[in-house]
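Under the heading active site, schiff-base intermediate with DNA, Swiss-Prot lists Pro2. According to Swiss-Prot, the feature active site, proton donor maps to Glu3, Lys60, Arg264, an assignment based on sequence analysis. As annotated by Swiss-Prot, DNA binding site applies to His93, Arg112, with the evidence given as sequence analysis. Among the features that Swiss-Prot reports, zinc finger is placed at 240-274.
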Amino acid sequence: MPELPEVENVRRTLENLVTGKTIEDVIVTYPKIVKRPDDAKIFKEMLKGETIENIKRRGKFLLLYVTNYVIVSHLRMEGKFLLHQEDEPIDKHTHVRFLFTDGTELHYKDVRKFGTMHLFKKGEEMNQMPLADLGPEPFDAELTPQYLQERLQKTNRKIKVVLLDQRLLVGLGNIYVDEVLFRSQIHPEREASSLTAEEIERIYEATVTTLGEAVKRGGSTIRTYINSQGQIGSFQELLNVYGKKGEPCVTCGTILEKTVVGGRGTHYCPICQPRI
């Protein structure tokens, strides 16, 4: 699933490709992707004649701002936005096509069909689901070690499960939580309330630095991720633990292990990340 670094790189490349283009028509071939309004035909009619003004990101969501509305899109596991010419073949996994007046088309492709789109009037998007209950952005001033400490000390859930909760902070998924906890030297099954202030400080620092580095490297291409210009990321080359079960730890040489935490495959070093 694309996490913050991947979605941010999609946002940047997509904004360069489609800002200023006017939507002539919308073709939806898999209506279940459109969650709001509940009729894809209405979604289509509302967007006709709208011009894309800018594209923002909130957590793992893309926000496409048009003249009067905002399309809130979640890519889920395999979603991709790619620009095409009108005479190019249409991939069988293309489920939404935004046809522009200049003859180009923005295709939303999704092999798994798990992605979603919500359409809101401008100004309504942040106060309604799916954005309303999201936590702070990792790079915002609102996220501090103190913010994390106040919330982590109130829960006995395992720290990996807590960091995956987008209500605490946004953007971390399975890949980057494993990497953050390795850099923090915290076992993924530690109870959040057991963490010291110094350990929480390490988690905060690792979150900001890991995500920042991943954004600069274009994200991580583990399976099929590409940005909207068709480019893969390169941060996968710097991963320390994710997907590396059975390999030696880069720090101590111990063989990395994999377990399941909160239903998610979890990679860690049993020496560098002791379960206290």
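In case you wondered, yes, glycine gets a Cβ from its N, Cα and C as well.
For Arg112 (DNA binding site), the same-chain residues that are 6 or more apart in sequence and have a Cβ closer than 8 Å to its Cβ are Arg76, Met77, Glu78. Cα-Cα distances to Lys60 (active site, proton donor) place Pro2, Glu3 within 10 Å, out of the recorded positions Pro2, Glu3, His93, Arg264. Counting in whole angstrom, His93 (DNA binding site) lies 18 from Pro2 (active site, schiff-base intermediate with DNA) by their C-alpha atoms. Residues 158, 160-161, 164, 174-175, 178-179, 181-183, 185-189, 222 of the same chain sit 6 or more residues outside the zinc finger (240-274) yet have a Cβ under 8 Å from a Cβ within it. Under DSSP, Glu3 (active site, proton donor) is assigned to coil, being neither helix nor strand in the three-state scheme. When pLDDT is averaged over the zinc finger (240-274), the result is 98.
Straight-line distance linking the Cα atoms of Arg264 (active site, proton donor) and the residue listed as 'active site, schiff-base intermediate with DNA', rounded to a whole number, equals 15 Å.
Its Cβ placed at the centre, Arg264 (active site, proton donor) has 15 other Cβ atoms within 10 Å.
Taking Cβ-Cβ distances under 8 Å and a sequence gap of 6 or more within the same chain, the neighbours of Glu3 (active site, proton donor) are Lys60, Gly171, Leu172, Gly173, Asn174, Ile175, Tyr176, Gly219.
Look at the recorded positions Lys60, His93 and count other Cβ atoms within 10 Å of each Cβ; His93 has the fewest. The residues of the zinc finger (240-274), classed with DSSP into helix (H, G, I), strand (E, B) and coil, number 0 helix, 12 strand, 23 coil. Cβ contacts within 10 Å of the residue listed as 'active site, schiff-base intermediate with DNA', excluding its own Cβ and spanning all protein chains shown: 26.
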